[in-house]
Each structure stands twice: as C-alpha cells, then as structure tokens.
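These notes are about the structure you will find just below.
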Amino acid sequence: MVHNNDGDNNDQEMQEIGINEKRSQFPHISVEESRQEFDSFSNNIEGESKQFGMNRDAESNMAVESEEDFKLRKYFENSNRMHLENGGNEKKMGVSIRNLTVVGLGADASVIADMSTPFYGLVKLFTPSFWTKKTSTFDILHDVTTFCKDGEMVLVLGRPGAGCSTLLRVIANQTASYVSVKGDITYGGIPSKEFEKYRGEPIYTPEEDSHHPTLTVRETLDFALKCKTPGNRLPDETKRSFRDKVFNLLLSMFGIVHQADTIVGNEFIRGLSGGERKRLTITEAMVSSASITCWDCSTRGLDAASAFDYAKSIRIMSDTLHKTTIASFYQASDSIYNVFDKVCVLEKGRCIYFGPVGMAKQYFMSLGFDCEPRKSTPDFLTGVTNPQERIIKKGFEGRTPETSADFEEAWKNSDIYRDQLQEQKEYEELIERTQPKVAFVQEVRDANSKTNFKKSQYTTSFVTQVIALIKRNFALVLNDKFGMYSKYLSVLIQGFVYASLFYNMDTDITGLFTRGGAILSAVIFNAFLSIGEMAMTFYGRRVLQKHKSYALYRPSALHIAQVVTDIPFTAIQVFLFSIIAYFMFGLQYDAGKFFIFCFTLLGASLACTALFRCFGYLCPSMYIAQNISNVFIIFMLTYSGYTIPIPKMHPWFSWFRHINIFTYAFKALMANEFEGLDFNCKESAIPYGPAYQGSEFDAYRICPLGGIEQGSLYFKGDFYMDKTLSFATGEMSQNVIIVYCWWVFFVVCNMFAMEYIDHTSGGYTHKVYKKGKAPKMNDVEEEKQQNAIVAKATSNMKDTLHMDGGIFTWQNIRYTVKVPGGERLLLDNIEGWIKPGQMTALMGSSGAGKTTLLDVLAKRKTLGVVEGDSHLNGRELEIDFERITGYVEQMDVHNPGLTVREALRFSAKLRQEPEVSLEEKFKYVEHVLEMMEMKHLGDALIGTLETGVGISVEERKRLTIGVELVAKPQILFLDEPTSGLDAQSSYNIIKFIRKLADAGMPLVCTIHQPSSVLFEHFDRILLLAKGGKTVYFGDIGEKSKTLTSYFERHGVRPCTESENPAEYILEATGAGVHGKSDVNWPEAWKQSPELADISRELAALKEQGAQQYKPRSDGPAREFSQSTWYQTKEVYKRLNLIWWRDPYYTYGSFVQAALCGLIIGFTFWNLQGSSSDMNQRIFFIFEALMLGILLIFVVMPQLIIQREYFKRDFASKFYSWFPFAISIVVVELPFIVISGTIFFFCSFWTAGLHKTSDDEQTFYFWFIFIIFMFFCVSFGQAVAAVCINMFFAMTLIPLLIVFLFLFCGVMVPPSSIPTFWRGWVYHLNPCRYFMEGIITNILKTVRVECSEEDMAIFTFPKSYNTCQNYTSAFQSYKPSGYVESATLNGEPACGYCIYKNGEEYYETLGWSADNRWRNVGIIIGFFVFNILMVILFVYLTRKGSR
C-alpha cells in the first residue's frame, strides 16, 4: 500500500551507486528540491481544503479533515520510519533486462475471419503444402538491454509500433500474449519465471480506463483497499483506519476529493469526466502497493498541468518509497521529462538510446541531428526517427542513421552504451551482495493477513476477498435501481399473466394436464430470466483481467461473491412470482407445499443462472454462448418429462434427462403437487353423454387415462405420476437435492473457468488484414518504402488540398443542464469566431467545458438548454450544417467489422458532394491514408480493444480524424485530436490541420498537452476556466508574445524564452490537480479592453461573411449529401459485409438450426399415426416455435450494437435513419432463410412428416416456418429498437415472450384460455397463426390408427349384446374418433380411439386448414408491423443523449 514498500536506512553501497550517483549525474533533478517543492504543493492543497471545507456536508467531513492535515512527503517518510521501527522490511526491487527479444505473430499469421474461413481451413487441412508451413512471426522487441534501480524512474519513448507498451508488459511479467520471450529479466535478483508467483508486485497500467461504471469513486477505491490491506499494519491501527487514511491521501494527491461520491460512469452513463476517470485509474493502481509500476500513457486525457502534478507525485513516491517506476508517455513536456532519471528510446522494437535524461539530447545531436528552438526534448528524441520531422545539421548529410537498425548500431557503438552496461553490471553485483530479495520475500509474507497463507499471491485471505466482493456486488446491483426495479416489475407482471392463464385449475382430467403445463411454465419462466446473466459475463471481463493482474482477488472469489449476491435477489424474484402464481394456479393450499414450491424454483433458477454463466465464461463470443444456450434450452425443454413422457423417449437421447435441471425440478414440483391430490374423471369418462348419466353405467365407464381400471372414476395424483409419467412421488426430496447439486456443480465449474480461462487480450492488440494484404513487420526495406510514401504525400499536400470555408461566429453562448436540486450553468456567455486561414486552440483545465462548447457549436447537444447565436457567413445555420462540418470527437467510435480503408471510403462516398466521382473520392482517401501514415493499415480490421484483435488506441485516433477529413468539411471541430498520439504523430496531425487552415478551412481544436512546437501552429486561442467562463480569446502572436503579455499585464511572472507558453498560461490560471491563482481571470476578462474589441469584431465579421460568401445557388440546403436510395444501398452493403465477417454470428445460427433440427427430429423419430403420436406432432411444432422465439435473444445485441455506430454516423449526417432501419432488418433475411432451411432438412424427414405430406404441404411447411423466423427476428429487433441498452432489453423481452408461447394454443387449449386473454391476446398473437397454419398443414392428411396402449377399452352390459349398441348414443354425441369391437380379459368389449384423423384433432381447437394461407398473410403482416416499429424507434432514438 504505502508503508510496506518503504525504507530509508539504505545499505552504504546502495547509497553510493544509487541515490548519490543519481544526484551527481542528473543535476537537473534534486531529491531535496523535489521534497521542498512538494511542501509548497501540500500547502496549496491545505489551502484548498480549507476553502472547500466550509461547503462540505457532514458525511464528507472525514475526507476534508484528513485533507487539511495532509503532507505527502512527511506522511511517506513517517509511515516508512514507523513501519521499519515495528519490524517491517523493505521492498526494493529493481529490474535488470539483458538481450530481451519479444516475438509476436506476423501480420499475415491470421487474416480477417469471414464465412469463407471454415472452408479455407478445410483446404489447409487436406493440402500437404500447408502442413509444414510455419506461422510467420516478427520481433516486437529486438535485443533490448536496460535496467531500472529501485527508487528510480525510467521514461520509455517511441513512436507507435516502437514496442513501448510491449516492454512495459514484459517488465510487468505479462507475457501470455506473445509467441516467445527470450532474454534474461530479473527483479531484485529473482528470475522472471520465479517472480511470477509474486503477482501484483509488478503491475502494468494500460492507457484505457476500465472500471465498473455504476460504482462511485469511494466504492471503487474502498473495495481495492479492502483487498490490499496488509497484515503488518502499525500497532493499534485498524483495517478501517488504515483504509480511511490511504483513501484520503490518494484522493487528495490527485484532486478528486470532491468526486468521492460521484459514480465513475462511461461513454453511456454520465459520471466522472475523462480526466477524472484517468486519475481514478492511477489512484487504483497505486492502491495495489506494487513495488514495480509500469505506466502506459497514463496522462492521456489530462491537461498539461495535471499531467505534471501526476509526474511529480510519482517522483516523490519513487524517492521516498523506493518504488521502481517505468512509464511510457506519448507526449511529455520538458517539465515531465526532467522528473525522470533515465530515458529509453525505442524505434521499431530496437533500443536506440538508454541512459540519463540529461545526456539524451546531446547524444542525438552528436549523431548529426538538430533541435528546433522551444521544441521539447521528448519531441526531439522521437522526432529524430521520423524522416519528415528530423533536422540534419549541415555537414552531416548522408552520415546520419536512417533506419531503426542504423540507430541501434550507432547506439551500441557509443560510449554511453558502454557506460550503461558497466553501470548495469555494477548494479547486478550490488544486488548479488546485498540480496534485497530476502527482505522482499519476508515483507510480502508479513503483509499477508493473518488468516491468509503466507505464500499466497494475494494480500488478503480468500474469505476476506469474497466478503469484499459481496459488498461490491451488492453496490453494483443497488446503484442500478432502475434496472433492479424494472426487473421486479417485470416479474410481477409476468406472474399475473402466468397465473391468470392457469387460473384456479380443476381437479379433473383437463386440470390434470394443465397442472403439468403450469408447473413447467413456472420453471421455464425463471430459466428465461437467467439467460440475461450470460450476457453480463462479457461486460466485466476487462475489469476482472486488470484486478487479476493487480492481485486484488482470485477470480473464483468473484464468482462465489456473485453466487452469494444472487441468492437474495433471486429469492425475491422467485417469491414475488410464486406468491402470485401458486395460489392463483389453484395448487394445494398447504404451507409446506408452497415453501417447497418456492425452494425448488429457487434452486432451479440458481442452477440455470450458473449454467448460462458457464457458457459465458467458456465462450469467446456472446453469440457462440447464446447459440449454445438456445440448443440447451430446446434440449432441456424437450426432455423435461412433460412434452414427451419418459416411456416414449427414444434411447439415443433419453440419457439427457439424467443431467437435465428441468427434469429434476419438474419431477420435484409435480410430486409436491400431485402427492395426495384426488382427481375425478366422471365428466370425461368414456362413454359419456345424456344416455350414460345413471349410476348403473358407472361400472361400465373408464377414465381416458392409461392404467386405470374400468369403473374407477376417481384416482390419486400419485397414480398418474407413476403410470403415465413414470415419476415417483417418493423421490421429491431426492430431486430437489439433485437440483441444488447441479447448482453447486456449475458453480464449481465456473470457478475453474474463471481461474484458468481468460478471453481478454491483456491490453495487447493483434492486427488482422485482408488475405494477402498484410505488410512486413519491422522490415528495413518496408520501413524505407513507408518513409518515402509519407514524404511524397507531405510534399504534395498543398497541391491536393483546397477548401472553401467561411466565417463562423458565436455570441453569448450559454448552456444549462438540469441537476438534482436545480440547474447548472456549464457555459457562461462564450463569444468567438473562426475564419479561413486561422487555427484556433480551445484550452482549459479538465472540466472547464471545452468538449461541452464544441458539442454546442457543432450542434451535437440533445439535452439541456442552449442559448445564444451562431452564424455561418452572417446567416443562420441551415439544415446541412452538421454535414458540412467535421467533428473529431474525443471518443473513437468505429464499426469494428470494417477495415480502415473501408471506413474512410464509406465516409467519402456518403459525405462528399454527389457531383464528385467515385474515383476522385477514393483517390482522396488514399491521399489521406498516406498523410495520416496509415497506408500500411488500409486493409487492417478496425476490431475492438476488448477482443485484442484490431488496431491500437493511437491508430483509432488517427482513423477518427481521417474519417472527418475525407468528407472535405467546410468547418472542422477537433476535440483532443492528439490525445493518445505520440509526439511525432501529433506533430503530423497538427501540421496537416495547419495545411487545411492555410487551404481555407476554418477550424477550432481543443488540446490538452500541446508542446511549444505544436502550439506555434495556432493563430488564436480561446481559454476557458472551470464553469465554462472565458479567460482569454484573441491572437497568440509571434512567439506567443500577444498571449503572454496579457497575463503579464495582470501580474503573472514573465514567460521565459525556453518555456512552453501553453503550460505557462495553464499554470498562470491555476489549472492542474492543486493549482490556484490569486487573479479572478473571468472577471479580469470582462473588464479588459480586449473583450470590447471582440464585440466590435464579431459584428464586423458577420457583415463581412454575408458580403463575401453569397447564398448558395444550387437550391436549398440538403441535410444529406446523397439520395435515400444511394444511402440505403451503401448502408446495406456495409452491414452485409459486417455480417459476412462475423462467422461466430452467422455460422452460429446455422449450427444452432442444424443441432436443434437434428435433436428435435431424432427425438420425434419416425412418427406414426397413433393418437399419442398425434400429440408428439404437436410438440414437434411447439419445439420448432421455441427455436424461433429463442432467435430473438440472438438478434437483439446486434441491433443495439450497430445502433450506437449509427448514432455517431447520423450525427455527422452520413445517412438518414430510414436506410439504417430498413438495412438492419433486410440484412438478416438471407441468413434466416439458410438457417430455416437447414432446420427444415434436419427435422422434417427424420420426424417422418414426409410420409403424410404431399409436395404442397412440404413447401407450405418450409415457407411458413421461414416467414415465422422472419417475424421472430424482426420482433427481436423491434424490442431492441425500443430499449436504450441490452440490460433493459433482457428485462423486457421475457415479459413479451410470455405472451408469444403461452397463448399460442398448445400450453393451454384456446377454449381453456380465460375470456379476458382469449378476447384479444390470443387473436393478436402471431404464434397462434403459425401454430394453426403449420399444425393443420401436417395433420390434415393424417389418418389415426390407435395402438393398443392408446385405445380406451371397456366392457358393456350384456343387455346391449354388442359394442355398437352400447356406444351408439356416445358416437352420436361425440362425432370425433371411432369405436371398434375389442376384448378385455376374454370378454367382449369396446375400444375407443379419440381421433380417426388429424382434422378431428385441430377442429377441437377451433382451427381450420382453410385458413393456412390466410395465416401466412397475417404473419407477414406482423413482420411488416415489426419493421415499421424498428423504423419508428430508430427514428425516435436517432440522436444520442449528450
């Protein structure tokens, strides 16, 4: 945590080679000065604490009081001293690396997967030439030798692809993603292999932020602290006091004290700002108490002042706590750079410099490179590897290194290289003598809690981890109150629907069968609710992977906590359903039976939840998991014992009932209900009718139920269970226990799956390309060609670019949002303009409102109230404003199924003017690819970071910019275009934007951490303070003199020649974590003469714009560039390509259809013409209906995911809502036809339906099934279109599915459906028309011939002489079925078969074969209605909430 890493009583030898050497070698870094500087820093915080403390409520007083006493340096030193005095040890673990080579998969090792991939795999399998072909590889890092002593800080610099992130991951011992890792890595003398057991001691913090969005900052950090509270705390220090102390310390360090009770949020949930979320990520990493920390671009999203504050904090912690710190920053100012001790420069995987930061610049200048004035040292160090950026001194032409291999050779021939090797050797010898690993190992063991194993990788015991995770999981559920309440509301509604359908069932033959349906439906209901948990397993994977690497907890502990959390919430769900359903069903009014009912349903729900989670943990894709779960549901439902009695099951699948949760739950619930329950069949005993009412006939009537003796008109439920279902009521307890055993079994399986299966990439992204399009990796010749392409593109920029912009002005812009308790003003009377030929920078500290202002100016805001005026060329903004403006947003939202080139071409085709030819558009795309240094990525899949397949974070940012540039916008808004980019890429981007401005494009660009070189490209600046108030708007001036003179005029110290003006003004205005200023800058601006000049200039510019830029002559403004037909065609082509490239989704549905078809077909194998087989035909169709309904769950995520990309495209006016809505439906149809046809061929003939069907019936079966599948898919899409997210969809869909399958006429015959529901729901249910159409189709030509076991055989009074005489009245009363003469125990008898043909069966349901094609038309009508609903709700939700 803090104190257990520390120590200041260093060995004398360590002092000589360690700290003292650092002071002498690096005069620009002084530990004492750093400490003194932090004293001032602490005092500033104390002042802020007192200022804000007056406004804090009682709940947060503790945080403020701790903050007032906060002194970081003193805290660390005192904590360390007290820790050592109480018997603690030091964890001083430096890192030494020799000859490190990391090998990764080559770009051509894998290609973009699509529907042809399986066939290509088969060709490779049977082609001998592929058998010996090795997978291509390349060196991500090549022969790197470096080291970092404890207490030192090493900065790793390099361009994208240089290997910086890989070096950090390898140092953090995260090597699973690579083909091989060669070389020697030791940690304080411990080899890397042995050091693996100390997980969490070396940590890697990636640049992206992964947190649970619904937790607050306090809950996030308090949980991490609970998992990392050491056992060797100070005397009398409780766990609670320790956590409070560290919590307040870290929040104060990073300036998020006042955000402690704010939820973290994400791109969809409002919470912390991007910068605040980044500080939380840093804080959480510090809680891990690692001795070796690797920070990968941890300042991304922070302003320059906050980034510097962060670096200083890390510096002081490294000095006082002897932490080993290695960090990689894409953009680092000189201030940050000088905080570090050493710098390692990488290029194409090769180390081209490693040594003191103070000598790096001079080293490269000695090679013949020159540095521009005011250019920061980090920019210079990475810039020398870029042919377009580096400057060669006179006389060195042709003598400087060109390729990465040249640079590496020059480095290894240098004196500094030899000095560093010698220093590393001496450090390793020192480690060998002092053996710091002994103290380290002892300290790790002592830090483990007393209840934990001493050799455990984790600080706290397994039980402690589980308790902490349980509390966190409860917080996750309770913080999402809307989701929780909506789920329980759904349960209540569904409970009433189920209960009313099976309301007050009678104890007769009809009630006998409906009781089974009611009980099975209760099991199915809870199973459907459990399906949603499978999707949730995919959303927290990156957080789990991060916490696992930090050694916070075992993944299996997380699963146990989830299970414990499930129990109360699932119990509430089951109880709410049961209290309604049980008593309205009319089940036995017995308290014991009621609680057994609840207890069994609870076990079944928990077991199903564990089963579906197991699929989620085992499968890499949600679509694979969903398809597998659908097959299992069909299997479980079929072999539950209801649709097919056990005696009727075929041997090849009957084994499944022994491992079926549904079977045991159903058997237990049936035994619970039927034991001791009396049934009567007097009304339905055969024969019946007015002629048989006398008691003298009772002895000659028989219940239509197998096994009951003639004359017995009453029977026990136990008898029915035993004779008909082959269930034993005495096995109820055993079945309940088995249900819970399955739950425990799947819980254990999930624990093992979470421990040993990891589908995340660990932050590593692997690129995949189109087949045959992969470039060579880290190849010298390829490097030279790429440099030549970029050089040519740069030189031709002026000839290619030509923009026709205008003057854009804004005045008195105010933006207000509603917050609890009132309103909040986020922008306060902002004024300004942009015009051709000028670049305007928008700057301010984190939370100042920069992004908010851009959203308002770009007309992207959909929430809140915007006031003020915006004009383009003196006129009001027209409908085409969003299309003719480019907005590079901070979030990089791209469709992962496309390649980089395809994404750019799509933007160019739909946003450039229709008069521009396709050839010209594509030519411009290629030029932008070259300019953005993405030519080699053109055929690379964009992919996602979560899967680890696709382009990197930095490359996504470049793509975001490229997508806007290829549209040739007239105005360009850029929100953090260089965030996450290295210095050289940032330089190229800003240089490119400068060219756009010079070509006539007006633009404004927010920027957090501009170097002085980048800052010089801007002409004007709009500087904002917190609260959205203007600090300054005006010219920057030559060498920033105009800007700096404004601040100097208000009493700020002069800006030096070597200082970065951007950092200077942020410091002056009090930006940063703990920055403050004595000047009220917004008030100063209001009183300044510059503001008066601005007002006059605005009026003049509006008039100038109206005169200079005449109104368009080509007709009214168009919202979209292309016609609706063209948009639809292009959107459909794109979606079709995405579907083609998702074999998990497409082939998953095919395989699901095949498996379900085979399972159902062989389950109902070769059906005959008996009456029992008639029922089997009905359940065959019911299973097919369930397959269609389960498809709903599969298609919903696709629409919700694609809709997010649509919203981003719609905001930029790529295309309208109609093309997307119609395309997302149509793109599914061909795949549905294939899936339905596969199911048809796998099931129709195996079930023997062809024997009673002609060609027309066979075609009808296929056709109506395909149409029904169309309905199901479109229904799922319509529901998804209504819902705001997947969670809400998974809550709503079970409620709607209830109406589909319960009211279709199978679970309950139409005549038995309550009048209320039968009057409207039954007739509005598409499944009812599907069942009527397809059942009448397959039964209309079936002739029933009852088998002996299906025949009801009864004797008759001898006075009637013949069976015909005795049953004549019965046959006239009930015309269906037939009676024939039989014998019973050697006596003459009657045999009654309930049906003589299939037509008699469906006529009892009120169905007719004459309605078959009418039903097809009705289902098509429902399909069209669903499409209209998709279109409507895509339209209503086309604008995201922002």
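Keep in mind that glycine also has a Cβ here, set from the backbone N, Cα and C atoms.
Record note: among 102-122, 459-479, 627-647, 627-647 is the stretch given as transmembrane segment by Swiss-Prot.
One way to see the shell of the ATP site is to take the Cβ centroid of G844, S845, S846, G847, A848, G849, K850, T851; the remaining same-chain residues with a Cβ within 8 Å of it are S273, D303, T852, L1024, K1026. Away from its own ends, the transmembrane segment (1181-1201) comes close to residues 531, 535, 622-623, 626-627, 630, 633-634, 637-638, 643, 1145, 1148-1149, 1152-1153, 1156, 1160, 1163, 1224, 1228, 1232, 1239, 1243, 1265, 1268-1269, 1271-1273, 1275-1277, 1279-1281, 1283, 1285-1286, 1289-1290, 1293, 1297, 1300-1301, 1304, 1306, 1327, 1330-1331, 1334-1335, 1338, 1430 of its chain (Cβ-Cβ under 8 Å, at least six residues beyond either end). Residues of the same chain lying 6 or more positions beyond the ends of the transmembrane segment (627-647) and with a Cβ under 8 Å from any Cβ of it are 516-517, 520, 523-524, 527, 531, 534, 611-612, 615, 619, 653-654, 656-657, 660-663, 666-667, 724-727, 1148-1149, 1151-1152, 1155-1156, 1159-1160, 1163-1164, 1176, 1179, 1182-1183, 1186-1187, 1190-1191, 1193-1194.
Highest Cβ contact count with the transmembrane segment (482-502) among the listed stretches 518-538, 567-587, 592-612, 737-757, 1416-1436 falls to 567-587 (criterion: pairs under 8 Å). Against the transmembrane segment (567-587), stretch 518-538 shows more Cβ pairs under 8 Å than any other of 518-538, 737-757, 1416-1436. Counting every protein chain shown, the Cβ of G849 (ATP binding site) has 23 other Cβ atoms within 10 Å. When the neighbouring Cβ atoms lying within 10 Å are counted for each of the binding-site residues (S845, T851), the highest count belongs to S845. According to DSSP, G844 (ATP binding site) sits within a strand segment.
Shown in sequence order, L1024, A1025, K1026, G1027, G1028 are the residues of the chain, 6+ apart in sequence, with a C-beta less than 8 angstroms from the C-beta of A848 (ATP binding site).
Around G847 (ATP binding site), the same-chain residues at least 6 positions away in sequence with a Cβ under 8 Å from its Cβ are S273, G275, E276, K1026.
Of all the Cβ atoms in the protein chains shown, 25 others lie within 10 Å of the Cβ of G844 (ATP binding site).
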